[in-house]
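Reading through the structure tokens given below for one structure.
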């Protein structure tokens with residue numbers, strides 16, 4: 001396989017992962033904005049997917065087709081061995097149905113919660129049931145239990161191996177929780193310093209779009225701190241006073257705009273930049289041409305889609 005073939009595969013994967021991570025719940029960043037703004041998670045997911053489809057196509061296959069002939073890279077051999085070793089347990093892959101159902105179970109539960117609001121009143125028992133099981137925490141918990149059953153016990157995995165797998169997952173989860181906590185603390189400091197109030201006055205005096213402001217603030221925070229999640233959390237805290245001052249702002253689209261902004265210009269102070277560089281064996285310049293450019297395209301296309309959807313929704 002030619003080295004550039006890895007780029008042809010990697011660029012669309014990076015585009016898809018970045019887009020979904022930043023704009024579609026139940027990923028941590030967008031979920032925080034949804035909860036803080038009081039946005040409808042089902043509508044946010046639906047609009048996020050609508051924004052994601054053209055964004056992924058442009059930043060993934062289209063840009064990948066352009067950049068692939070210009071790069072020739074070879075991934076880290078240890079990474080290749082992890083997925084090519086015939087003795088590796090990872091070769092015992094689940095069926096397509098099991099693989100997709102594991103991912104979609106929590107998503108479907110949250111979407112059913114949103115759909116239930118159309119057919120049942122908010123005070124009915126039926127709606128309360130959907131609301132409980134469709135809440136992000138419960139839906140994700142059910143998704144984990146489902147994965148343990150279908151990928152573990154039904155595959156006759158050893159119980160100890162399942163425990164080890166669950167235990168090993170706590171380390172990266174702890175890191176994410178610390179990042180979110182740090183982002184929340186950082187956002188609170190900015191809010192207490194009066195930045196949020198200043199943003200409200202700025203938007204009022206200059207008639208600035210809240211969606212554009214959310215994107216810019218998230219982008220600046222993400223670039224300066226090196227974390228998309230911190231960018232989302234900080235921007236959410238700063239834009240919250242604007243939501244309170246102007247209830248007409250589309251909370252769902254603002255959530256997506258902030259998520260898109262947090263993805264813009266992923267560079268050397270982002271952990272993902274170095275992950276891609278080392279995994280693919282790229283130089284600094286090659287990494288810039290892939291993850292940095294890809295995520296910048298994702299951020300810009302996401303903003304364009306948000307503004308377009310806002311204009312369309314405003315017609316009705």
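Placed from the backbone N, Cα and C atoms, the Cβ positions cover glycine too.
These come from TrEMBL:
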- 38-64: transmembrane segment (TRANSMEM)
- 97-120: transmembrane segment (TRANSMEM)
- 132-153: transmembrane segment (TRANSMEM)
- 173-190: transmembrane segment (TRANSMEM)
- 210-240: transmembrane segment (TRANSMEM)
- 252-273: transmembrane segment (TRANSMEM)
- 293-315: transmembrane segment (TRANSMEM)
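If you count C-beta pairs under 8 angstroms between the transmembrane segment (38-64) and each of 97-120, 173-190, 210-240, 252-273, 293-315, the highest count goes to 293-315. Simply put, out of 173-190, 210-240, 293-315, 210-240 has the most Cβ pairs sitting under 8 Å from the transmembrane segment (252-273).
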